[in-house]
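As written in TrEMBL, here are the features:
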ACT_SITE  B:Cys234  active site, cysteine persulfide intermediate
BINDING   B:Cys88, B:Cys91, B:His92, B:Cys126  heme c 1 binding site
BINDING   B:Cys189, B:Cys192, B:His193, B:Cys234  heme c 2 binding site
BINDING   B:Arg230  substrate binding site
DOMAIN    B:73-159  domain 'Cytochrome c'
SIGNAL    B:1-24  signal peptide
Amino acid sequence: MAEKPRLKLPKEAAKGEIIQIKTLVSHVMESGQRKDAQGKPIPRKIINKFTCEFNGKPVFSCTLEPAISANPYIQFDARIDEAGTFKFAWTDDDGSVITAEEKISLKA
Amino acid sequence: MLSRCIGLAVAIAAAVSVATCASAQEAERKGIPAPPGHVFKTIISGYQFRSKETRALQDDDLENPGFLAVERAADAWKKVEGSEGKSCMTCHGEAETSMKGVGAAMPKWDDKLKKPVNLEQRINICRSEHMKAEPWKFKSRELTDMTTFVRYQSHGMPVAVKTDGPMSPWFERGKQTYYTRYGQLDLACASCHERNNGKFMRADFLSQGQTNGFPTYRLRDQRLVPLHERFEGCMFDVRAEPFKPLSDEFLALELYVAWRGIGLPVETPSVRN
């Protein structure tokens, strides 16, 4: 049930400009601490890692912990020195990875 | 002794700051003039009763988790289902134009069924009659997503339900339900949302109980909650036996409560605690 994550960043930026990147991904983020109606623990299922790369170079990454609520929203800034492609990856506990890409060009 | 005095002084200062904080928010709550015959002078959206952070979450289309549902349903809108080989799009075309204002006017009178139907029912009537597909279950993600999507097309438009003509007995019935006390706690809708709105209930402000934001993303549930589920929740909270979702009782109540918020902008998908 991989869904398209939501991304918001400008299509183009001036050289050296600092842009804001907003990401939101749909995920249950089950903490593993809860029990179901029968009293059995619900297995943990969270996104444990988020990474962002620009032209192959790492820009931002973080590990996520069980207390984070569903549909995690991550926002960060990046400085743009050249045109290129942002690659985003959310790694699930079960090993599956949700990926997304977004291109950005330099203002003429 | 001295330290105790200081402790007390701090406690008083804290209490004062909480009080000023609450009244400051009260002062900045904006409403619109109520329709004639309304008990309130101004009607205020539930949005105004939420914290600054929650309001910011609703205002930003990207941060608002309700928009995940809007995007999912935008895909479902184009998906062909059922034996007729139709999708929503086949009959209605682009939702952005054909569904504009539809959600704001629900529930609406249905000539065939001789009763009002709300948005969830309307979607399922379309599915079973025109698409010959399985109707979605109430509370299912698909139905709530689609309801949110259709209602989102009326975003910012004023709530405009019709309560005259054949709707008037339903309106009266809804009004009666609104003022009837239910459950062990012996409370009516009016006990909280009419007489005590703006006051704290546990850690949250009681709103006027408007429907303009539904289906609403509840932070507590971490998902979108349709209106009738919220009705059920309220009845459960006063320890009553809730009516069934999409029942005639709730439909009448939906009509009446929608009228109470007539003119408020549709906020779907809104974010609430």
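From the backbone N, Cα and C atoms, a Cβ is placed for every residue, glycine too.
The shown structure was predicted, so the numbers you read here are calculated from the model rather than taken from an experiment.
Comment: heme c 2 site residues B:Cys189, B:Cys192, B:His193, B:Cys234; largest CA to CA distance 11 Å, whole number. Note: the Cα of B:Cys192 (heme c 2 binding site) and the Cα of B:Cys234 (active site, cysteine persulfide intermediate) are spaced 10 Å from each other. Cα-Cα distance from B:Cys126 (heme c 1 binding site) to the residue listed as 'substrate binding site': 24 Å (rounded to the nearest whole number). The recorded positions listed here (B:Cys88, B:Cys91, B:His92, B:Arg230, B:Cys234) include B:Cys234 as those with a Cα within 10 A of the Cα of B:Cys189 (heme c 2 binding site). Applying an 8 A CB threshold to same-chain residues 6+ apart, the list for B:Cys234 (active site, cysteine persulfide intermediate) reads B:Cys189. Comparing the binding-site residues B:Cys91, B:Cys189, B:Cys192 by how many other C-beta atoms lie within 10 angstroms of each C-beta, the top residue is B:Cys189. When the binding-site residues B:His92, B:His193, B:Arg230 are compared by the number of other C-beta atoms lying within 10 angstroms of their own C-beta, B:His92 comes out lowest.
The sparsest Cβ neighbourhood within 10 Å, among the listed binding-site residues (B:Cys88, B:Cys126), is found at B:Cys126. DSSP places the residues of the domain 'Cytochrome c' (B:73-159) in helix, strand and coil in these numbers: 41 helix, 9 strand, 37 coil.
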